[in-house]
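Heads up, the thing below is written out as structure tokens.
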Amino acid sequence: MAKEHFNRSKPHVNVGTIGHVDHGKTTLTAAITTVLAKRGLSELRSFDSIDNAPEEKERGITINTSHVEYQTANRHYAHVDCPGHADYVKNMVAGAAQMDGAIIVVAATDGPMPQTREHILLARQVNVPRLVVFMNKCDMVDDEEMLELVEMDMRELLSFYDFDGDNTPIIRGSALGALNGEPQWEDKVMELMEAVDNWVPLPERDIDKPFLMPVEDVFSITGRGTVATGRIETGIVKTGDEVQIIGLGAEGMKSVVTGVEMFRKILDEGQAGDNVGLLLRGIDKDQIKRGMVISHPGKITPHKRFKAEVYILKKEEGGRHTPFHNKYRPQFYIRTLDVTGEITLPEGTEMVMPGDNVTITVELIYPVACNVGLRFAIREGGRTVGAGQITELID
């Protein structure tokens, strides 16, 4: 069969498999690619190729993850699967892509286990909008009542963590059966993908969000003015656009973009993902510096205090050798900026051990442009000791 040309017209969605160890996450991932490959929508990926997950570095943290891609009739998916529990925690808190939805795998033979609960909580903390449940190993359970019990437990658990437990699709299947080509279980994988298509919402594309660019470098061109360079994070910027420059005490600085350049070529507009230089009217070179953010006016505000979900590196990962306590003051590396901040631990938490995953409140020494979902690294003496993402802005 001739290879289909990669089609960008389908909307792109990031998903992943989560759930307790040995409940069948990786087998399901392999089964999805196998079943979709038969329908010409995916490349087949074997269990072993997914299980031997390569190491990646993200914000100074090593994470083992496998990336698989596939399509349904309606969407293009990038799917992540992690081998170990710690890799899941790290990937969800500090990984590259925000998950737009997740497939939580639960074995019908066991029902929900501690990591099932932990992964659902984590999905809630990092704002994964919706989960779909795949009840695996149903070919090993003869008792219909047992299946209904597991389904009830899962719905209760989802509701407890503020997901829509009543309406979340729960598919009963067998990943191994589907992987082995048994038609009744292959159909269940197709049913699962249909549920993911319909239940997981389409993410807002970066290009459709308001314009925002963290400043990486600044220089001046004689006779033309000041140029700020950086990678556009979201949105679109055109010549003539009014922008605001915020962070590092530059509150309310406004300017007009008089040119957008990329590799010394003039662009009509810069888009999310482009590395550009913006020529800014009426701004002196010393008024703007690395770490500030340029955005459309009023779309993003500077904040000093926020709540965050963080993962603290183990000693073996290059992290701290000792725990830290309340009022710990490391540096927070946010976008292109290093800023000192003070950590307040949740009530009743005395200290945080290397390897822990915890919700903290941070107070920075000055306001920084930030938003919910923004990921950052925690550094001490130039090395990364943790990573996290903002879950709530306080002030």
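All residue numbers here begin at 1 and follow the chain in the order shown.
Glycine is no exception: its Cβ is also placed from the backbone N, Cα and C atoms.
Swiss-Prot lists 10-204 with the feature domain 'tr-type G'.
If you look up Swiss-Prot, you'll see 19-26 marked as region 'G1', on the strength of similarity to another entry. Applying DSSP to the region 'G1' (19-26) sorts its residues as follows: 2 helix, 1 strand, 5 coil.
The GTP binding site annotation in Swiss-Prot covers 19-26, 81-85, 136-139.
A 10 Å cutoff on Cβ-Cβ distances gives Thr26 (Mg(2+) binding site) a total of 21 other Cβ atoms nearby, all chains included. What Swiss-Prot records for Thr26 is Mg(2+) binding site, and it gives sequence analysis as the kind of evidence.
The region 'G2' annotation in Swiss-Prot covers 60-64 and rests on similarity to another entry. Remote same-chain partners of the region 'G2' (60-64), defined as residues 6 or more beyond its termini with a Cβ less than 8 Å from a stretch Cβ, comprise 53-54, 82-84, 87, 90-91, 94-95, 311, 313, 317-318, 377, 379, 383-384, 387.
In this model, the region 'G3' (81-84) carries an average pLDDT of 80. Marked as region 'G3' by Swiss-Prot: 81-84.
Here Swiss-Prot flags 136-139 as region 'G4', drawing on similarity to another entry. For the region 'G4' (136-139), the residues of the chain that approach it from at least six positions outside its boundaries are 23-24, 27-28, 105-109, 147, 172-177, 185, judged by C-beta separation under 8 angstroms.
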Item to check | Distant-in-sequence neighbours of the region 'G1' (19-26), which means Cβ under 8 A and at least six residues beyond its ends | outcome: 47, 50-51, 66, 81, 83-85, 104-107, 110, 112-116, 119, 136-137, 175-176
Next on the checklist: Quick check on the region 'G4' (136-139): DSSP residue counts for helix, strand, coil, in that order please.
Outcome noted: 2 helix, 1 strand, 1 coil
Checklist outcome for this item: Its Cβ having more other Cβ atoms within 10 Å than any other among the binding-site residues Lys25, His85, the winner is Lys25
Item to check | Cα-to-Cα gap, His85 (GTP binding site) vs Thr26 (Mg(2+) binding site), nearest whole Å | outcome: 13
Checklist entry - Under 8 Å Cβ-Cβ from Cys82 (GTP binding site), six or more apart in the same chain: what's there? => result Gly16, Ala53, Ile63, Asn64, Thr65, Ser66, Tyr88, Asn91
